[in-house]
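Features as listed in TrEMBL:
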type     : residues                                               : note
BINDING  : GLY20, PRO21, GLN22, SER23, SER24, GLY25, LYS26, SER27 : GTP binding site
COMPBIAS : 749-758                                                : compositional bias 'Polar residues'
DOMAIN   : 10-225                                                 : domain 'GB1/RHD3-type G'
TOPO_DOM : 1-652                                                  : topological domain 'Cytoplasmic'
TOPO_DOM : 698-784                                                : topological domain 'Cytoplasmic'
Amino acid sequence: MKDVRLGECGLSYAVVSIMGPQSSGKSTLLNHLFGTNFREMDAFRGRSQTTKGIWLAKAQNIEPCTLVMDLEGTDGRERGEDDTAFEKQSALFALAVSDIVLINMWCHDIGREQAANKPLLKTVFQVMMRLFSPRKTTLLFVIRDKSRTPLENLEPILREDIQKIWDAVPKPHAHKETPISEFFDVQVVALSSYEEKEELFKQQVSDLRDRFQHSIAPGGLAGDRRGVVPASGFSFSSQQFWKVIKENKDLDLPAHKVMVATVRCEEIGNEKVTSFIADEEWQQFEEAVQHDFVTGFGKKLSSLLDRCLSEYDMEAIYFDEGVRSSKRQQLESKLLQLVNPAYQSLLGHLHTRTLEAFKEYFGKALEKEGFAVAACNCTETFLEKFDRGSEDAAIQQVNWDTSKVRDKLRRDIEAHVASVRAAKLSELCAKYEAQLTKALVEPVESLLDSASEDTWPAIRKLLQRETKTAVLGLESAVSAFELDEATEKELLAKLEKHGRSVVESKAKEEAGRVLIRMKDRFSTLFSRDADSMPRVWTGKEDIKAITKTARSASVKLLSTMAAIRLEEDGDNIENTLSLALVDTSRHGTTDRSIQLSDPLASSSWERVAEEKTLITPVQCKNLWRQFKAETEYTVTQAIAAQEANKRNNNWLPPPWALAAMAILGFNEFMTLLRNPLYLFAIFVIYLVGKALWVQSEIGREFQHGFLPAILSLSTKFVPTVMNILKRLADAGQEPAAAPERQREMELQPKSTRNGSLYSNVTSAGSSSVTTSEIGPEYSSPVVQ
């Protein structure tokens, strides 16, 4: 088959076989008739068996392709009279595979009862009965060594003998009355003797050869083509025939035809699968799809599959239609199963590419459109783009469902939209929360610092106003997202809650610094007057009242910071603290039972929830104790300054001493009046003493005690005297400037002249000294 390329012939081929007695010239006839090269008998060596078994060759120069089988001769002495098994097997095989069977017989055997051809015909007719639904075979009787008797006379005799043999052969009940013409197309041809009339023989063989041209055409020698096996399955069919014949089983030609078609179509299908896998174009497609989306994949792959299936159809077209179709479906299924991974990979790339493009386009669309509109439009656009891509990837031979990939793409798009929505909403919420925080922090801090009765009402009003502004802004911003009502309310409620949390956190922060705030407020009210000027302790101020006022303000600050009051719920924190901390002396009692009922001996305030409490009563008590301890020094210093001021204002001797001095010193006073020189000397001494007093700060030194003042003045005396003398010397060196300076001094007020004459020196101690017409004054150290 491979040598003669029989597989390409399809059904356009014929099989011719020859049967006849041994040494009747069968091989010689075939060699001359078909141009074959079968081994021929050498007549000079005697008559013996030449062809053993069955030999196959291709006829030369005959269309269509014709296969020629040379069978072993019958009635040979080599096999013996009783060994007819092979004759029957070879005859059955020839009838099963051949379109034309040549019966080679001698002319002189026609009309003879015991002719050599009769056993052969019996064998042929008997084995024919073993074929189920046999096809009609052409029996071409070749009469060799024709005598002078015309063929027209020989043929009726031969046909009569054939009919007798047919009638005598046992037949199945279904074919009892079936004529021979139903099974065989009997034709007769006569040839002259090859040895005696070789040229005439060759001429007659040439004429006979023409009858084999186009033998399978209508009206040709092989007219009945029922059950013909396609050429590509001939080898396998012949092997199966021989296998069944050797097992001495009857041949079921229709079943055999189906079996051959099944095997052969399956082989063709496997060959096509192998060929498809090895196809270079498919390998390029498969490799390209692993890396990226391939445009035109469906059309190109459909073309490859169609070409592969068309090749199968061409090779399997002559096999049984049912088997061919079934195997074609199997082939198509295998091919589709083979390309399915590539198709799925392509859809994966399409999914990824579409999703990435959506993300990029969606980000740009948000700059031009509202979120909900952009999301809807972009989703529809890119799902349509995916549909077009899946249509481009669709394979004509199958309608694979892409809905799962499309649904996954939709879910991924929706997930991305949801993530972007969450991010955008988070940005908006953070923006308005930051705005709200900025609008609340500093005003709340300022209001808490003021700590008045209107502090928390003002904070509530501020919170409502700023929260309303922020909520309106956020509501307007999220309208483009087209959120459901519940989600929008949740966002707005979250913003409102954030505003409250800002106020609460700021209140907690300020509550942590309440002690510092209380001390600052106390210092401000205690050390400054109503005009916010530093307070000077002249001895006329009521330090106790000032202290109580400052402490009451500190208590008010403490009560303000003790709890969060964002709701208009009343409480008595301020009254409780005032009664317990400031007004204790007014309500003081010696009753131990009342002393034990301390209103601050508790961890919670009355009518105040625990989560709204910033400073518990016990903590307030501890803070007040610490506050008093740290501000006590300031009050003590103020009292000391006031007492010092009183002492400085009362430096003259008592009145009785002045009266005694006036009475006892009257004579000395009169002496001074009589002698003005003493009076001048006393005046000079007074000026020098006054200068020493001011320069040495004698009054300030004696505030620290007598002994320390003496020690300090002893170290300052000499430098002070030297300083006064130096100034007098400097004044004497400028005589020209003296008149002008004298006039300037006369134009200045008395107090100013005194100040220019005597310089003021301020100490860093607990009180400072200021020289004026009414004497020294003391100011609070807190102001300094």
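Just so it is clear, glycine is given a Cβ too, placed from its N, Cα and C backbone atoms.
Of the listed binding-site residues GLY20, PRO21, the Cβ environment within 10 Å is emptiest of other Cβ atoms at PRO21.
Each of the binding-site residues SER23, SER24, SER27 was scored by the number of other CB atoms within 10 A of its CB, and the lowest score belongs to SER23. In sequence order, ASN104, ARG144, TYR194 are the residues of the chain that are 6 or more apart from GLY25 (GTP binding site) and have a CB within less than 8 Å of its CB. Taking the Cβ of LYS26 (GTP binding site) as centre and 10 Å as the limit, one finds 27 other Cβ atoms among all the protein chains shown. All chains included, 20 other C-beta atoms sit within 10 angstroms of the C-beta of GLN22 (GTP binding site).
Across the residues of the topological domain 'Cytoplasmic' (698-784), the predicted structure has a mean pLDDT of 55.
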